[in-house]
Amino acid sequence: MTEIRRWQHRRAPGEPVSAETRDSYYGLPVIHGPHWRWSIVFYFVLGGLAGGSAVLAAAARLVGGHWARPIVRVGRYLAFLAVLPGPLLLIIDLGRPERFHHMLRVVKLRSPMSLGVWGLIGFTATAFLNALQQAAEDGWLGQRNPAAHFLRRLPARILAAASTLPAFFLAGYTGVLLGATAVPLWARNALRLGPLFLCSALSSAAAMLALLVGRGPGNARARHALERVEQVALLGELVLLEAVQRGSGPVVGRPLSNGLEGWAYAGTRLSAGVALGLHIVTKMLPRRLRPPLRLVASLVALGGAFLLRAAMIFGGRRSAEDPAATFAITRRPEDPARQAR
Amino acid sequence: MSRESTLVGRTRARPGAFGFLTDTTLCIGCKACEVACKQWNQLPMDDFGFTGMSYDNTGDLGATTWRHVAFIERVADREGRRPTRLQPFQSNWLMLSDVCKHCVNAGCMEACPTGAIIRTEFDTVVIQQDICNGCGYCVPACPFGVPALSPLDGKAHKCTLCYDRLKDGLEPACSKACPTDAIQFGPVHALMDRAKARVAELRAQGVEAQIYGDEALGGTGGIGGLNAFFILTAPPEVYNLPAAPELPQRRVLPAFLTTALAALALGLATLVTFWRSKEVRHD
Ligand code: SF4
Ligand code: SF4
């Protein structure tokens, strides 16, 4: 019940008071950090997975031939199933969960959280339609059922195309949401977080679909295509992870380079690198060694997507507690102490 | 004249706006404002603790603390020099009664996804308690660390600039209680004129005074000024105030643009990959 006050997590207890008051108010945080914890981490991961799956399913439906049908099938189901827990995870995070519907009072274009609520609804609707049509095509709704008949006759390409915009939105808006705060780590990386989360969404979705489409020789081409997409996304992710660390600088980037969050961030980079490396190396190995290595690569990529969200959310909370980080991004340009950032 | 100096004393506050001028050179650190605020707004007691720093056992603004008096003992400045002389009128203590700034463009209000945070007819920023659902987005969206979620009711709280008292034609409880008139309530533009005159007077007496909350200092980066502003005699960082904060929502459009670009690139890469995919003979 007790509230953690800012002075209760002052940094550097051994510092003399004169040092504390020289560049900050006794080392107290300047801003209030967010309360977001694990449910938000899981929501970010699942949202990415859902959005990425929908994108892959749509692309497979639009340009893939018969070989791509497994991607369409599994991708459409996964997109819907992965987004289902999303609203629940968000609602349990609220201070007043029974008031969740107050989010539906307004649409605010400058509030990424408001846009996100509407984007989540739009995505869930398109993902539901796509999954329903897939279920009808797969015969889950019965052959003679008129509803199933109607669903099968809906234009699948248009459904696929309609799901791409909300899918990309769902996978990327979370980065914008973090960037539009006063939290130094997020504010500094506002332009990079959206693209980073998108890359991670696509790589994790491709990895998951590659795991799910099945090992059979009939699916080899689909699996192969998915692995290629995964590699492209992993490459983008690696570049952006480096850019985020460099762009943050030594002070703002502190949570990325030490502590638990630092380990998580290092783990993210490692897993992206390892997954990419494994995919490349596998091609040169004897054939019977390939399936298990690919499996490992996909699992590692999925783990990386999780670590990334955890590192970013908990790293942001830590960066909000660091007055030096806030002052590093809010000092006036002519302030000599600004050089120290 | 540099761009900086044309911004000094300028605020984008709307003509009918009301706010506070908190003149730290008059503050004696009596905490009457803190007490008056707690009393009027019926805010519960904080979790008492001994901070072990100066005379400030309040620590910060929070869900149940809407005025906070900061005490800074000037032991040494940034270069490590210890003060050997007293500034005119002042001990080597700085006192500042911190409060929600009621920003001209408020980060908390723009962030709020429920529309719980509104701008009143007095141009102040108020959280409607019957709307807030405790999503907590306003908390990190405020550049000054003002709102906080209360563990008691799960909702976000902050200074209302005594909206209920203003409605009845009364001045806010804190400024009413302040024995030295360090906290002054009134129309923002009139207060700003008064602040400029006061800063000129202080400077003439050799005090390095400055306004915090105009477009040059504190109300920067799209915030457009603070309706609750301050007169400071040390760099803002000493009082735990950011010198040049930015309205966080200024980054929304650019961030969405880079995200859209990335989406375009990744989407194209996916399409091309699937398009050019070839039959694989061996897995
Ligand atoms: S100081 Fe913070 S809480 Fe107060 S109006 Fe400005 S952004 Fe909102
Ligand atoms: S916590 Fe309440 S006031 Fe703050 S952004 Fe969420 S709904 Fe709005």
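The backbone N, Cα and C atoms fix where each Cβ goes, and this holds for glycine too.
Quick look at what TrEMBL annotates:
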- B:18-48: domain '4Fe-4S ferredoxin-type' (DOMAIN)
- B:Cys27, B:Cys30, B:Cys33, B:Cys178: [4Fe-4S] cluster 1 binding site (BINDING)
- B:Cys37, B:Cys159, B:Cys162, B:Cys174: [4Fe-4S] cluster 2 binding site (BINDING)
- B:91-122: domain '4Fe-4S ferredoxin-type' (DOMAIN)
- B:Cys100, B:Cys103, B:Cys108, B:Cys142: [4Fe-4S] cluster 3 binding site (BINDING)
- B:Cys112, B:Cys132, B:Cys135, B:Cys138: [4Fe-4S] cluster 4 binding site (BINDING)
- B:123-152: domain '4Fe-4S ferredoxin-type' (DOMAIN)
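B:Cys112 ([4Fe-4S] cluster 4 binding site) falls outside any helix or strand according to DSSP and counts as coil. Cβ neighbour count for B:Cys174 ([4Fe-4S] cluster 2 binding site): 27 (other Cβ atoms within 10 Å of its Cβ, all protein chains included). In sequence order, the binding-site residues near chain A (CB to CB under 8 A) are B:Cys112, B:Cys135, out of B:Cys100, B:Cys112, B:Cys135. For the domain '4Fe-4S ferredoxin-type' (B:123-152), the DSSP-based tally of helix, strand and coil residues reads 4 helix, 5 strand, 21 coil. Remote same-chain residues near the domain '4Fe-4S ferredoxin-type' (B:91-122) are listed as 11-14, 16-20, 22, 24, 27-29, 33-34, 54, 61, 66-74, 83, 128-129, 131-133, 135, 137-138, 141-144, 146-147, 156, 158-159, 161, 163, 166, 174, 178, 182-183, 213, 218-219, 222-230, 232-234, 238-241, 247-249 (criterion: CB distance under 8 Å, separation of at least six residues from the stretch ends). Taking a Cβ cut-off of under 6 Å from any atom of ligand 1, none of the binding-site residues B:Cys30, B:Cys33, B:Cys37, B:Cys112, B:Cys132, B:Cys174 qualifies.
The Cα atom of B:Cys103 ([4Fe-4S] cluster 3 binding site) lies nearest to that of B:Cys159, taking the binding-site residues B:Cys37, B:Cys132, B:Cys159 as the candidates. Checked against ligand 2, the binding-site residues B:Cys27, B:Cys33, B:Cys37, B:Cys100, B:Cys132 give B:Cys132 in sequence order as having a Cβ less than 6 Å away from one of its atoms. Counting only same-chain residues at least 6 apart in sequence, those with a Cβ under 8 Å from the Cβ of B:Cys27 ([4Fe-4S] cluster 1 binding site) are B:Val69, B:Met95, B:Leu96, B:Ser97, B:Thr180, B:Ala182. The distance from the Cα of B:Cys138 ([4Fe-4S] cluster 4 binding site) to the Cα of B:Cys108 ([4Fe-4S] cluster 3 binding site) comes to 4 Å. Figure note: comparing Cβ neighbours within 10 Å for the binding-site residues B:Cys30, B:Cys103, B:Cys132, B:Cys138, B:Cys178, the maximum is reached by B:Cys138.
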